[in-house]
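Asks: Look at TrEMBL and you will find 17-292 tagged as domain 'Deacetylase sirtuin-type'. Among the features that TrEMBL reports, active site, proton acceptor is placed at 141. The Zn(2+) binding site annotation in TrEMBL covers 149, 152, 200, 203.
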């Protein structure tokens, strides 16, 4: 995979001051003291790759629009909700799938390679950690690059599904308005009306991205697996997440219970600020490369 070596895209990154040398030193001390670091990342690590997040002040999706992501129950229940979701996703996919890892993703990959990073859990569905070369990684909320059938479980790649969409909709065209965090774009109901959605090639069931939608839950097996990796770790670093979603926050609570030191690198307040050992208000792609 090619990696973005150009300057970061700051369109969706909230304003913040450059890293304070004293803070760099504190994080360096934290990382140096850790032998088996457990890292959890959120949307704030991917904003510098040009992918917007939901909650950032001023630049997040919720701040810029009244749009809200699809709910799991609505997607499963409503054919028109699925048609709307897939039409928007189809238009957004070429751009979304072309995003490349930034310096922060590469640093975490390098920490893994030298044995510093024990396990990485990402709340992101953009595959950028995998593109960067991380291997000890759990995608907590799944990944938009995979699609599966709700009935029989058959899996296909999202790029293969794109070809099915193109074959079913040879003359369908839509101009996109803006891009959302999970790869879809904004389309009008009129644009969506004639878009054809394929069914599962094996059983004609409903196809869904391998992503935990809002209102759905992460599987028990995955949660248990992550708890095991946390139990093997000696400290926790949260990078680019406000930890507002409980599926990720529960692991910070578990780390606190185990009395693990917790460092947070995030622009703006987080749900953990009151019990973290260290809170840094900087861009992940600017501060992490300074740590050796």
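Each Cβ is built from the backbone N, Cα and C atoms, and glycine gets one as well.
Whatever TrEMBL says is automated annotation, not expert-curated.
What you are looking at is a predicted structure, and each value in this text was computed from that prediction instead of being measured.
Walk me through where these features lie, including what they touch and how far apart they are.
Replies: Cβ environment of residue 141 (active site, proton acceptor): 123, 124, 125, 211, 212, 218, 247 lie under 8 Å away, each six or more residues apart in the same chain.
Residue density at residue 152 (Zn(2+) binding site): 11 other Cβ atoms are found within 10 A of its Cβ, drawing on all protein chains shown.
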Asks: Residues other than 149, 152, 200, 203 within 8 Å, Cβ to Cβ centroid, of the Zn(2+) site?
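Replies: Other same-chain residues near the Zn(2+) site: 150, 151, 153, 154, 199, 201, 202, 204, 205.
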Asks: Can you count the other CB atoms that lie within 10 A of the CB of residue 200 (Zn(2+) binding site)?
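Replies: Neighbour count, Cβ to Cβ under the 10 Å cut-off: 18.
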Asks: Just name the winner among 149, 203 (the binding-site residues) by count of other CB atoms within 10 A of its CB.
Replies: 149
